[in-house]
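Quick look at what Swiss-Prot annotates:
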TOPO_DOM  1-28  topological domain 'Extracellular'
CARBOHYD  Asn10  N-linked glycosylation site
TRANSMEM  29-49  transmembrane segment
TOPO_DOM  50-82  topological domain 'Cytoplasmic'
TRANSMEM  83-103  transmembrane segment
TOPO_DOM  104-126  topological domain 'Extracellular'
TRANSMEM  127-147  transmembrane segment
TOPO_DOM  148-157  topological domain 'Cytoplasmic'
TRANSMEM  158-178  transmembrane segment
TOPO_DOM  179-195  topological domain 'Extracellular'
TRANSMEM  196-216  transmembrane segment
TOPO_DOM  217-224  topological domain 'Cytoplasmic'
TRANSMEM  225-245  transmembrane segment
TOPO_DOM  246-284  topological domain 'Extracellular'
TRANSMEM  285-305  transmembrane segment
TOPO_DOM  306-348  topological domain 'Cytoplasmic'
COMPBIAS  320-329  compositional bias 'Basic and acidic residues'
REGION    320-348  region 'Disordered'
SITE      Asn328  site 'Not glycosylated'
MOD_RES   Ser335  phosphoserine
Amino acid sequence: MNDPNSCVDNATVCSGASCVVPESNFNNILSVVLSTVLTILLALVMFSMGCNVEIKKFLGHIKRPWGICVGFLCQFGIMPLTGFILSVAFDILPLQAVVVLIIGCCPGGTASNILAYWVDGDMDLSVSMTTCSTLLALGMMPLCLLIYTKMWVDSGSIVIPYDNIGTSLVSLVVPVSIGMFVNHKWPQKAKIILKIGSIAGAILIVLIAVVGGILYQSAWIIAPKLWIIGTIFPVAGYSLGFLLARIAGLPWYRCRTVAFETGMQNTQLCSTIVQLSFTPEELNVVFTFPLIYSIFQLAFAAIFLGFYVAYKKCHGKNKAEIPESKENGTEPESSFYKANGGFQPDEK
């Protein structure tokens, strides 16, 4: 019979009944392997998304950046303010409030480009918004955090990982640029790549959520208030982004694009900032909130996508669509949707 007071076999230091067991590095190894694989897959998916971006229209958004400006206001105006209001309203701990605000100040995530495709959004606007928000985050993140977190913490204690932001920018711009080139040179082949990549992108989004749940199982042990904020925050981002875009006079398909670009945050960047800025003891309180936000932003995105697909099947073909005026050097097109091919059968 085993002595209950004896040390376990793999203990490295024993003193009576006190033992030090080496920590398992399985999660660390799994995290590195999966991060590498997911990064490669994400680059391939973004390459396929680039195959739906037209150079002329993309440059049109850069030259006449009304849509990008609306997205900028949503990304670095609405989201940080919403995070601040939620933190004050729920009276959460200062550390928790800071993490909620970090989420709100992050640029848009690349998953928004995949979802914009599936809801027949404006891919040219989606890619240009993600690129610009990531680039502008170099200056806007420190500014927003300085404004909103000073009532809880010294803003100088929050570390902005500029190298990670730069890496995110490169991993977005390079594959998308190659995809744009393929679409320009070989449009028929680009359509095939796009079909495959869009399906792979949907699978990748689910895979990221599952992997996050495996690696950070402690995420389910978190303050109830953070669960509620993690539920409300992405919905508020999607809704307010859509509303502001509509008030600004953007057509419906661009409103959907802005909505996803607003609510879909770069939670990986947020996790990196949190890890660099807080002690291990503080991380126990706050580290899992980015994962909670990520889960709910994907869950509600899937729900909104389902509603859109159902609406499109019931009303899309019968809707009296108002042509959009010529803009950005493009021909007039429907203001309701601009079919990307997502959930749409090929014509016989």
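We number each residue from 1, going along the chain as drawn.
Note that Cβ sites are derived from N, Cα and C of the backbone, with glycine treated the same way.
With Cβ pairs under 8 Å as the measure, the transmembrane segment (83-103) is packed most heavily against 225-245, out of 158-178, 225-245, 285-305.
Using a cut-off of 8 Å between Cβ atoms, the transmembrane segment (29-49) and the transmembrane segment (225-245) share fewer than three residue pairs, counting only pairs 6 or more apart in sequence. The transmembrane segment (158-178) and the transmembrane segment (225-245) are not in contact, since fewer than 3 Cβ pairs between them lie under 8 Å (pairs 6 or more apart in sequence).
Tertiary neighbourhood of the topological domain 'Extracellular' (179-195): same-chain residues 46-55, 58, 117, 340-341, selected by CB-CB distance under 8 Å and a gap of 6+ residues from either end. Within the same chain, residues 66-67, 70-71, 74-75, 78-79, 95, 99, 102-104, 106-112, 115-116, 119-122, 125-126, 129-130, 133-134, 157-161, 164-165, 168, 234-240, 290-291, 293-294, 297, 300-301, 304, 308, 324, 334-338 sit at least 6 positions outside the topological domain 'Extracellular' (246-284) and bring their C-beta atoms closer than 8 Å to a C-beta of that stretch. Listed as Cβ neighbours of the topological domain 'Cytoplasmic' (50-82) (distance under 8 Å, sequence separation of 6 or more from its ends, same chain) are residues 101, 104-105, 107-108, 117, 122-125, 127-129, 132-133, 136, 140, 144, 147-148, 175-180, 182-184, 190-191, 193-194, 197, 233, 236-237, 240-241, 244-245, 248, 250, 254, 257-258, 261-262, 265, 327-330, 340.
When Cβ-Cβ distances below 8 Å are used as the criterion, the topological domain 'Extracellular' (104-126) is approached by residues 42, 45-46, 49, 52-54, 57-58, 60-61, 67-68, 71, 75-76, 79-84, 133-134, 136-137, 140-141, 144-145, 148, 165, 168, 171-172, 194, 198, 201-202, 204-205, 208, 233, 253-254, 256-258, 260-262, 264-270, 273, 298, 301, 304-305, 308, 312, 337-340, 342-343 of the same chain, each at least six residues removed from its ends. Across the topological domain 'Cytoplasmic' (50-82), DSSP classifies residues as 27 helix, 0 strand, 6 coil.
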